[in-house]
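The structure appears right after this line, and notes come after that.
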Amino acid sequence: MNWNKGGPGTKRGFGFGGFAISAGKKEEAKLPQQSHSAFGAASSSSGFGKSAPPQLPSFYKIGSKRANFDEENAYFEDEEEDSSNVDLPYIPAENSPTRQQFHSKPADSDSDDDPLEAFMAEVEDQAARDMKRLEEKDKERKNVKGIRDDIEEEDDQEAYFRYMAENPTAGVVQEEEEDNLEYDSDGNPIAPSKKIIDPLPPIDHSEIDYPPFEKNFYNEHEEITNLTPQQLIDLRHKLNLRVSGAAPPRPGSSFAHFGFDEQLMHQIRKSEYTQPTPIQCQGVPVALSGRDMIGIAKTGSGKTAAFIWPMLIHIMDQKELEPGDGPIAVIVCPTRELCQQIHAECKRFGKAYNLRSVAVYGGGSMWEQAKALQEGAEIVVCTPGRLIDHVKKKATNLQRVSYLVFDEADRMFDMGFEYQVRSIASHVRPDRQTLLFSATFRKKIEKLARDILIDPIRVVQGDIGEANEDVTQIVEILHSGPSKWNWLTRRLVEFTSSGSVLLFVTKKANAEELASNLKQEGHNLGLLHGDMDQSERNKVISDFKKKDIPVLVATDVAARGLDIPSIKTVINYDVARDIDTHTHRIGRTGRAGEKGVAYTLLTPKDSNFAGDLVRNLEGANQHVSKELLDLAMQNAWFRKSRFKGGKGKKLNIGGGGLGYRERPGLGSENSDRGNNNNVMSNYEAYKPSTGAMGDRLTAMKAAFQSQYKSHFVAASLSNQKAGTSSAGASGWTSAGSLNSVPTNSAQQGHNSPDNPMTSSTKNIPGFNNSGNISSAPVTYPSIGAQGVNNTASGNNSREGIGGGNGKRERYTENRGGSRHSHGDGGNRHGDGGRHGDGYRYPESGSRHTDGHRHGETRHGGSAGRHGESRGANDGRNGESRKEGFNRENKMDPKVDSSRMDKVDSKTDKTPDGFAVPEPPKRKKSRWDS
């Protein structure tokens, strides 16, 4: 084979010019490349070894790198081929011995080689062996006698101890891990630290002057009043209600019994309520009565609406919020979800009265919540921590809060909010109305209720928080300390005959003295106090349990933890230091379903404790004697905080509002129609709020129409006769509208030489041919001749308007200018005058005739009388002008107020020019109530 055809000196290489390969040898030159495939090694090439020896090293060197690469690929490709061919079935060739063996093999012969089936077979064998062993044990146990199963077997207590030993963390509440981790600038997670919220600092309420407010709005429906005591018991039993407390209101059984107005009832019907739930039947009357309440009911019982509906009526009776005021009602709840849910209910029912609600909870935008609080909201629904944050940052305050609700108090305590809850309650005025709702009534909740509620009514719906009624409490009021001793020695034998007696004394010295005195009387007793050794205590308690000693004299060290069912009588010889200790004392009897009696001996010096005792008895449905109540009333704080009975404030259903605010769209029923100072007394009720209310404009129009019809009354005949001179001389009717001035009288006045209105009637651009004034001036000074100005009222006197033609002409020019500048208001006023003709003055024609008939006399120079009549009718003029401006500005209160000031400011001392300047910012005027 000739590899190089170029001759001597030419370069060897590949290519068409580098070598020539014969047709027979062409395949052999490619064999080395094919030999490095995945199916064979380099040595398998037969043609490579037959090539000429000189060319072998040169050719091998050229392809050395490629050979390396191919060897690597071949190594990995072998693995891929092996792995890919693992699952392929083996099919032997035709007519081969393996093929014959394959066909002769049984189909399930390889099932023994399946590892899963082998494992399952082993498990079944083990189970069979275990069953056989258990059967043998049962046979042995039956043959053996004298073994007690109740001793040998593990009982519940042993199982509990074993479980606690194996699970030391059982019962520990694991803190939930927060998924929302925060990361620093490098992307490393920041370890979450629980935010510690300090409670609000204490506050001295005696330094704050709180305005009084009304709490009681409940007027009992006559159907409920007519119920007999037995029917009342049956109704509560039917509703599955248990009520305790001092004089609880009777429950209602329908919405009509609550006395809600139509606006609230419309929202209730819209929310698809058909009848109140059991907790609402009793809770709404309690809350409407202004009483503090403990509501114990499960979730979903309707307790949210039970405190929202009375809250709306409570808010509507108070003054509107001023800038910087905090909320009137605060609802505190444990979680954000519950906060949003209650907030939605408050908005749904609050829009009936255009009340604003704000939800304040952790996780929300602090800035947005602070902004909403600063804009003003009557209702705040909050979680404790976030409310405290806002109060500390002065975004709001609790000065005006008079309705406080704690919902799901037990969950707040479980979440560790006890101190925050107490600090919020301590920051609200002490005479507030407080409602506490909980699903359970544990000791912590009971203690909180005693601390923050005053004379609460406890309403239990369902089978939660069953009160212990096995203890009967009897209070004996004695004159002095020696009377206690006489009472005890007289009754002690009787008590010991029915069971063991436990005597409680406050001080150790008194306990020892009482024990020694009783021993001298021959009574067998034991003594227990804190200075005794533990062995002595144990011996006394053991003897008392065995009934070896029937009487035990003890201090409060025995009040807690003594569980002796044989105690039938507890005697509080000295009153306890506080009501908590008293509760634990009387709890020593009436245990394990046994009945017991607790006696408490009081003297007149125990009036402080008597108040606590009254509330304790009322909370336990025990009888409170009149003597005990009289003794408690000697205490100033109890007398002040005691709930007041009597009927609630009238709700004015269908008419005016509660107290300071009227219902939207309704006229006031109780304002004084004759007093001009009260004309705008209800104006503040219609100020537009910042909330989005679709029908607010309609309500305002209806409100002003109602005000218009109620405030302006038709003139009587006596007013016409009394104001005859004024009606013609000045063009004002007795109601103060400029609706008719005769043309003839004006002309006569022009011809008369001494008429003070000689040029004014010509120059006034408001007269038309019919004699009606279409554009009325905004302010009218009183006119007098030769100083008769003094006869006008003080509000109407103007400087420099006396006698003299020059001054009269100046008045005429100024008056005309005034009319011209306020022509728009005058046109509207003219509309009001025409409305007056059709609505209030059917006899306007006769009055016009009367004015024409007496025009000469009236215009003949009776300027003094003219001034008097103008002064007398000024109040009505103000009303009529106000009416015109109301119509002009389409019931806009802001424009109304500014124009009202323009109308009413009659003390301008400017000598020349009566044009009213730009209205200043509205200040308090005499129209405000």
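Glycine is treated like the rest: Cβ placed from N, Cα and C.
Looking at Ser83, Ser111, Ser862, Ser925, Swiss-Prot tags one of them with phosphoserine, and that residue is Ser111.
Between Ser104, Ser897, Ser905, the residue that has phosphoserine written against it in Swiss-Prot is Ser104. Residue annotated by Swiss-Prot as omega-N-methylarginine (from the set Arg12, Arg588, Arg865, Arg887): Arg12. In Swiss-Prot, the entry for phosphoserine among Ser46, Ser185, Ser542, Ser740 corresponds to Ser185.
Per Swiss-Prot, the annotated phosphoserine among residues Ser109, Ser671, Ser818, Ser869 corresponds to Ser109. Swiss-Prot assigns the feature region 'Disordered' to one of the listed ranges (641-661, 662-682), namely 662-682.
In this structure the alpha carbons, written CA, of Ser185 (phosphoserine) and Ser96 (phosphoserine) are 74 Å apart. The region 'Necessary for interaction with TP53BP2' (739-828) scores a mean pLDDT of 42 in the predicted structure.
Other C-beta atoms found within 10 angstroms of the C-beta of Ser185 (phosphoserine) number 5, with every protein chain shown included.
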